[in-house]
Amino acid sequence: VRDAYIAKPENCVYHCAGNEGCNKLCTDNGAESGYCQWGGRYGNACWCIKLPDDVPIRVPGKCH
């Protein structure tokens, strides 16, 4: 497990405006919790706590 930005299949983050949607997205994917990271490296994006290793995360490189 790891703490990371959860990613869409094309290596794009899930942008957010609040914590509720991110917490649901993260927990639905097996994480302990999640929140909206404001003004982070990828803008306002969902950050998951203890996300399972089989769920894609944002990695260096382009979002396409």
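Indices start at 1 and increase along the chain as displayed.
Quick reminder: no glycine exception, Cβ is built from N, Cα and C everywhere.
Partner cysteine of CYS46, as given in Swiss-Prot, is CYS22 (from among CYS12, CYS22, disulfide bond).
Between CYS48 and the candidates CYS16, CYS26, CYS63, Swiss-Prot records the disulphide bond with CYS26.
If you take every residue in the domain 'LCN-type CS-alpha/beta' (2-64) and average the pLDDT, you get 97. The DSSP breakdown of the domain 'LCN-type CS-alpha/beta' (2-64) into helical (H, G, I), extended (E, B) and coil residues amounts to 10 helix, 26 strand, 27 coil.
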